[in-house]
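Asks: I'd like to ask you about the structure that follows.
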Amino acid sequence: MMKDRLILAIETSCDETSVAVLRNDAELLSNVIASQIASHQRFGGVVPEVASRHHVEVITACIEEALLEAEVTAEDLTAVAVTYGPGLVGALLVGISAAKAFAWANGLPLIPVNHMAGHLMAARAVKELEFPLLALLVSGGHTELVYVSEAGDYKIVGETRDDAVGEAYDKVGRVMGLPYPAGRVIDELAHEGQDIYDFPRAMIKEDNLEFSFSGLKSAFINLYHNAQQKGETLSNADLSASFQACVMDILMAKTKKALEQYPVKTLVVAGGVAANQGLRERLAAEITDVEVIIPPLRLCGDNAGMIALAAVSEYNKENLAGWDLNAKPSLAFENL
C-alpha cells in the first residue's frame, strides 16, 4: 500500500500566521490560522513590524497545533512548503526561517510557493482543476487576470495599474469610519443601500485587460469630504452600494473580455475579495458559459491550506528549494 503524501505548509506573508497539513492531493487535515486583525485595527491597516513580531510569537505554537489537529507527527511528513513571496519581507522571513528549521531538523525537502499561486490553487479544494483555465485574483495587494496553461504554469494577462481592489475597499472604508478590514462591512452595507452615486469606471471601455481603481478611490474621497464641508450627511449604505457597483462593473467587464481572448472552460476567482457576496452574485448572474470555481470562504483569505494545495504541483515537478531560500516581497508569476 502506497504511503500517504503529507505536506506541512506555512504562510506568513502578511498579517495571518497559518500552518496546515495536507494529505495527498486535496485533503486538508488541518488549517490553523492565528489572525492579527485586532492588533492592526487601531492603525487602520497592517503595520509590518507589528506583523513580524506577532508571527515570531505564535509560529511554533501554530506548527504544533496543526500537527496535533491533523493527528500526525513530524516523522509522518513528506515535505514542508512555505510562502516566499510576494508579501511583507519581515513577515515572509519568519515563515521561511521556521520552515527551513523544521525541514532541516526532520530531514524533509522544502517546497517554495508563490502566495498568489496559493490563492489560485485554493480552488482545488472544490474540485480537481482542468487546464487551461483563467483566474481572476482579487485581494488586498493584487488584482490580476492569470492564464494557467497547466498546473504551475502561470501567465499574467492583465493587472491593476495602481491600487488593488481590496486596498481600495480598505481606503474608502477608513474614510467612512468603518473598522479594518472594511471589505466585509462595505459588502453588507452595499446590500442595504442604493447605487445612486456615479463614480468613474476607469479603463472599462479600453481594449486591454488592465484595471485601475485610484480614480474611483479619489472620486469617493472627494465626494465624502465635499459633503462634510457642506455639513451634509451621506448614507454609508448608499455610498457602499455605489462604490461596490462600480468595482463590480470594472471586474466583470475585464473578466468577460479576458474570457473572449482566452477561450477556456473554467474561471477561478480567488483571493480575499472572492469572499465578497456582491462579486459572487454578479459572477453567478453574468458568467454562465464557463464553469466558475470559487474557493470556500475559509480558503479565500490568507491561509496555509491554499499554500499546501499549490505545493502539490511544485512537488510533483520536483521544484524544491535549497537552504538559501530567501524572501521575495515583489515576487511575480513570471519569475517563479
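Keep in mind that glycine also has a Cβ here, set from the backbone N, Cα and C atoms.
Taken from Swiss-Prot, the feature Fe cation binding site covers His115, His119, Asp302. Annotation comment: Swiss-Prot describes Leu137, Val138, Ser139, Gly140, Gly141, Asp170, Gly183, Asp187, Asn276 as substrate binding site, evidence class sequence analysis.
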Asks: Could you work out which of the binding-site residues (Gly141, Gly183) has its C-beta surrounded by the smallest number of other C-beta atoms within 10 A?
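Replies: Counting other Cβ atoms within 10 Å of each of the binding-site residues Gly141, Gly183, the minimum falls on Gly141.
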Asks: Reported as an integer number of Å, what is the Cα distance between His119 (Fe cation binding site) and Ser139 (substrate binding site)?
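Replies: Given the Cα positions, His119 (Fe cation binding site) is 9 Å from Ser139 (substrate binding site).
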Asks: Please identify which of His115, His119 has the densest Cβ environment, defined as other Cβ atoms within 10 Å, among these binding-site residues.
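Replies: Of His115, His119, the one with the most crowded Cβ is His119.
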Asks: By the DSSP assignment reduced to helix, strand and coil, which category contains His115 (Fe cation binding site)?
Replies: helix
Asks: C-alpha of Asn276 (substrate binding site) to C-alpha of Asp302 (Fe cation binding site): distance in Å?
Replies: 15
Asks: Helix, strand or coil at Leu137 (substrate binding site), per DSSP?
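Replies: Where Leu137 (substrate binding site) sits, the three-state DSSP reduction gives strand.
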Asks: Work out how many Å separate His115 (Fe cation binding site) and Ser139 (substrate binding site) at their Cα atoms, rounded off.
Replies: 11
Asks: What span in Å does the substrate site cover, taken as the longest CA to CA distance among Leu137, Val138, Ser139, Gly140, Gly141, Asp170, Gly183, Asp187, Asn276?
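Replies: Across Leu137, Val138, Ser139, Gly140, Gly141, Asp170, Gly183, Asp187, Asn276, the two farthest Cα atoms sit 18 Å apart.
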Asks: Would you mind ranking the binding-site residues Ser139, Asn276 by how many other Cβ atoms sit within 10 Å of each Cβ and giving me the lowest?
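Replies: Counting other Cβ atoms within 10 Å of each of the binding-site residues Ser139, Asn276 gives the minimum at Ser139.
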Asks: Measure the Cβ-based neighbour count of Leu137 (substrate binding site), defined as the other Cβ atoms within 10 Å of its Cβ.
Replies: 27
Asks: Among all protein chains shown, how many Cβ atoms are found within 10 Å of the Cβ of Asp302 (Fe cation binding site), not counting that one?
Replies: 26
